[in-house]
Amino acid sequence: LVMVGNHTLTKFVLLGITDSPFARVPLFGLFLLIYIFTLVGNIGIMVLVWAVPSLHTPMYFFLTHFSFADICYSTVISPRMLADLLSESRTISFAGCVTQFHGFSFFATAECHFLAAMAYDRYVAICRPLLHVVAISRCVCQQLVAASYLIAFISAIAYTVCTFGGSFCGPDRIDHFFCDVSPVLKLVCSDTHHSEMIIFAFVAINAGGTGTVILLSYTCILHTVLRMRSAGSRSRALNTCASHLMAVSLFYGTIFFMYLQPASSHSSLDKVASVFYTVVTPMLNPFIYSLRNKEVKDAL
């Protein structure tokens, strides 16, 4: 609860993805289908990796955690959004809003670090193949995953405190389909400049830091691949990396668009971008990694 003068703000109203009553049922059907595909695809990837010994490699170890994060942060958003499409009240408790935002920011941040870990694994496998067993041992993989979750948890706490730590003095209508940074901060009456700067800094460190690791890894990979004499070797190396690069582009493109811009620059396009990275991308990732990957096809 947030105390506002003699009043207590106990809930928010989510305005949702559309104002049109005619669009709600078709959108409900579409997003329900996407959510089902997200669950089936990502759970399928996790079960396949656990069940097939040939997939017990660092890349697929990271991929299971990536799929787990996809399932979790999609589940934090989608069921609530689906319920609101068929509901008239669309209210969410203050505690529920805080919990939703914290869960979303935790799993989204963890995904950034998993993508960086996967890029580092590809770099070692292609550029330093003789060191791969030592440099990316099971112990190292577990440490990287644990560090990813720890950094994500600390960052999520910082995001949540900065977003919900101000004074809410009346307006309770969030112009979004979930509790996100920008629409919530618009309801804060106190000065949000310092909070916005801290959030910006954490996003820049997490997204920028992991993005730099990915960029450097693929720069080295490209340099190594171009020096390979065999066309078959080049094709295999590039094909292995293509899936990961596609997932990186989808995820980071929308994240940078949403969170590395001033609050005053946010517009109606935010909802479209948000739908893409909270709903569509988690569904696409299993297809990107399975349909383009010979190892997964063979395992299936």
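Just so you know, glycine gets a Cβ as well, placed from its N, Cα and C.
Automatic prediction, not curation, is the source of TrEMBL annotations.
Remember, predicted model here, so these are calculated numbers, not experimental data.
Now, the feature entries from TrEMBL:
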DOMAIN    41-289  domain 'G-protein coupled receptors family 1 profile'
TRANSMEM  27-52  transmembrane segment
TRANSMEM  146-168  transmembrane segment
TRANSMEM  197-225  transmembrane segment
TRANSMEM  237-260  transmembrane segment
TRANSMEM  272-291  transmembrane segment
* Asked: What stretch, picked from 27-52, 197-225, 237-260, 272-291, has the most CB pairs under 8 A with the transmembrane segment (146-168)?
  -> 197-225
* **Residue numbers, six or more beyond the limits of the transmembrane segment (27-52), whose CB comes under 8 Å of its CB atoms** => 17-18, 60-61, 63-64, 67-68, 70-71, 74-75, 78-79, 81-82, 85-86, 279-280, 282-283, 285-287, 289-290, 296, 299-300
